[in-house]
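Straight from TrEMBL, the features:
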type	residues	note
BINDING	Glu64, Glu94, His97, Glu182	Fe cation 1 binding site
BINDING	Glu94, Glu146, Glu182, His185	Fe cation 2 binding site
Amino acid sequence: MHRAAHTALYDWSNILGPAMIRQCLKCRVPPQLSSRAYSVVPTPCDSEEKEMLDRMLRVDHAGEYGANRIYAGQMAVLGRTSTGPLIQEMWDQEKHHLSKFNEILAENRVRPTALLPLWNIAGFLLGASSALLGKEGAMACTVAVEESISEHYNSQIRALMERDPERYTELLQVIKEFRDDELEHHDTGLEHDAEKIPGYWLIKNAIQLGCKAAIYVSQRV
C-alpha cells in the first residue's frame, strides 16, 4: 500500500513537473486575503474595496470623535445645570459609538485621520461656545451636527446597499443603529428649544458648513 502510494505520487510529480508544482504552491490565497471571522467588516476583495472601506471607517470614527468632544465642551459649561443630564445622556451614546469604531479600526488595521488633534480642540471649543449661549445654543449645535452626521450615514447606507447589501449586512446594521441615535439627538435638540435662539438658521448653517468640510478632509487625511 505504502509503495503504491509512493509510486502514484512519483508518477504525478513526473506528469506535472517541478515548475508546475511550484506555480501551484504560489497560487495559495495570501493570509491577509483568506477567509476569517469578522464582527462587522468583511475582508476586502481587492485594493479598491479596501480603500473604500478604509475611507468610510476613518471618517465615521472622526465624526464620532468630534461629537464626543462637542458634548464634552457642552458639559464643561452646562454640566451642573438642569440641562446637564440631557447632554450627558446623549454623550453616553456617542461614547458607545466611538468605542465601537475604535474597535472596528483596530480589527481592520485602519489608521484614524491625522487630524484628530485638531478635531479634539475644535470640537471642544464648538461645544463650549455653543453652550455659553445657553441651553438653546447647545441644542442648536446638537441639531446642526447630528443632522449632518445622520445625512452622512444615510449616504453610506445607500452606497453599501448599491454595492452588495448581503456582503455588508453587519456594517449596515451598525451604521443604521448609530444613524437612528443621531436622529434621536437631532429631535431632542428641537424639542428643547434649539430654534428659539436668535439667528438659529445662521448658526445651524455655519456649523453644518464646518461639518461638511471636516467630513471631506477626514476621508482623505
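Note that Cβ sites are derived from N, Cα and C of the backbone, with glycine treated the same way.
Excluding the listed site residues Glu64, Glu94, His97, Glu182, the same chain places Gly63, Ala67, Asn68, Gln93, His96, Leu98, Ile149, Phe178, Asp181 with Cβ atoms within 8 Å of the centre of the Fe cation 1 site Cβ atoms. The number of other Cβ atoms within 10 Å of the Cβ belonging to Glu182 (Fe cation 1 binding site), over all protein chains shown, comes to 27.
Those residues of the chain, other than Glu94, Glu146, Glu182, His185, with a C-beta within 8 angstroms of the mean position of the Fe cation 2 site C-beta atoms are Ala67, Met90, Gln93, Thr142, Val145, Ile149, Ser150, Asp181, Leu183, Glu184, His186. Glu94 (Fe cation 1 binding site): 25 other CB atoms within 10 A of its CB, across all protein chains. In sequence order, Glu94, His97, Leu98, Phe101, Phe178 are the residues near Glu64 (Fe cation 1 binding site), counting only same-chain partners six or more apart with C-beta under 8 A. Remark: of the binding-site residues His97, His185, the most isolated position is His97 (fewest other Cβ atoms within 10 Å of its Cβ).
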